[in-house]
Amino acid sequence: PHALVCPGRSAPTTCPRRYVEANKEAAAFARRRVASHKKLIGNVQKRLSRTWRSPPTMDESWKHPVKKITWSAVGVNLYLRLGAIVFGFGVMVHDGFKIADVLERPGSEVCVGPWFLPKRCIHLLFIMCQTYYVFKHHRVTINTQKALVRFVFVHLIVTNLCIWVKTVVYEIKEDSPSYQLGPYLYPCAVEYGLICAAICYKFFSRVGDLDVVPYGRKEQQQGPRSTTCHKSHKGLFMGLMIMICVLVPMISLILLQMKKQTEYKDVYILAVILTECSVLCFTTGMALAGIVKAIRNLHLYKVRGNETFDVNLLFVGLAGIVCYNLFVAISAEFYNTKANGFKSMLEVAQSVLQTLFIMQAIQRKVTMKLIEGMHKPGRGVTIALLIANLAMWVASVFEAQRNIAENFLLTYFGDMPWKIIKYIFLPLIIFFRFHSTVCLSEIWIQSYKPQKGHQ
């Protein structure tokens, strides 16, 4: 034993070892307690700083400077941006036809104002600039002059919605385009206005967001994108068969209208409608099977803002499908055309179930256990629905040329009400099929890619 001074003693003496060990344990306990208190206070301060984040003061700004522009790892969906390019190209072609129509007419036949050509040229320039910004700078988050930037994005949202409304009103008023491509190009303006308004709203909601994941970090964590067709071959061939069953009757019906043949016309139209009903029944069953497989086998994970944005955008098109088919079903019941009414109800059921499938699958991931067992449940259903919606998208573009099968609608509603219904809701149907294709493509790639932490 060592000679130590014990408490209460004035001279060195020999203290038992147990007193020394007790003092050491008490000191260590006190240090641990102080460290835990500091850690608790630090966690509370971090949570409060995340909840009520204030701009840096003059003394702190040099320590933590805020970048004026940051690049987020999560941008706008690639296929949605490609859709903006395609539909923007259609809008520019449509405007070009209108400008050429005015320039080709003699001066006495032109019935437009002096500002028609300047407005069309400015509109073309606006479409080009906005499309370039949406496609190129979709990851940008602006953290400076936030009030002014928010005002600009709100102005862009309203402008795109006005393009949508103005196009619908113009087509209802005119309904006699100078070029035969007019009925196919006017939906492009509606689709473009809706897509760009939604993207600008996303830009608006991201202004001043300091919690974005920097660009490049997420790609390093997740690795390369896998687009192999593993466990998709059956669904691929089923989707191609559905595409044939959708496109062949649609093309043949348009050719029948062009030839103006009346022999066996009613029988042929009934056969086309029954074929479409069969396709809708088949895709409804696939959507239901996909819902069951997704809920049973795929792992639920935290939904990001990108997925919520896509699903909310899908509901806009779903509202158009439900409203349009309800109008068709009401008029079909009045004129006792049960095949058309049955097809309308099938289309509503298929669209609702497909939306439910997308809502479930877009927030789920395949587990590592299924990947190790070479199982990817529901991936074949996803690719089949993707191709089917792609075919239905093409068919919905040509829906305006199918008046031969919908004469009862014009008789029931009248000329002007039916124009309003058609020009408002048909572009929303086109958008629903297009955006469903976008969402299903993301599910097919992302939901079946291995993720860290999913066992």
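Here the Cβ of each residue, glycine as well, is placed from N, Cα and C on the backbone.
Summarising the annotation, TrEMBL assigns transmembrane segment to 78-97 (among others).
The feature transmembrane segment is assigned by TrEMBL to 117-135 (among others).
Summarising the annotation, TrEMBL assigns transmembrane segment to 147-172 (among others). Only residues 6 or more beyond the boundaries of the transmembrane segment (147-172), in the same chain, are considered here, and those with a CB under 8 A from a CB of the stretch are 126, 130, 186, 189-190, 192-194, 196-197, 200-201, 203-204, 207, 416, 419-420, 423-424, 427.
Per TrEMBL, the feature transmembrane segment maps to 184-204 (among others).
According to TrEMBL, the transmembrane segment annotation covers 235-256 (among others).
As annotated by TrEMBL, transmembrane segment applies to 268-292 (among others).
Annotated transmembrane segment per TrEMBL: 313-335 (among others), in sequence order.
The transmembrane segment feature in TrEMBL is assigned to 380-400 (among others).
The transmembrane segment feature in TrEMBL is assigned to 420-445 (among others).
Of the Cβ pairs linking the transmembrane segment (268-292) with the transmembrane segment (313-335) and spaced 6 or more residues apart, fewer than 3 are under 8 Å, so the two regions do not touch. Within the chain carrying the transmembrane segment (313-335), a Cβ under 8 angstroms from the stretch's Cβ atoms is held by residues 194, 198, 341, 344-345, 347-348, 351-352, 355, 358, 406, 408-409, 411-413, 421, 424-429, 431-433, 435-436, 439, all 6 or more beyond its ends. Cβ atoms under 8 Å from those of the transmembrane segment (78-97) belong to residues 120, 123-124, 127-128, 130-131, 134-135, 138, 178-179, 181-182, 185-189, 191-192, 195-196, 199, 310, 434-435, 437-438, 441-442 of the same chain, restricted to positions at least 6 beyond its ends.
If you look at the transmembrane segment (235-256) against the transmembrane segment (184-204), you find fewer than three C-beta pairs under 8 angstroms, all six or more positions apart, and that falls short of contact. Of the candidate ranges 117-135, 380-400, 420-445, 420-445 has the most C-beta pairs within less than 8 angstroms of the transmembrane segment (184-204).
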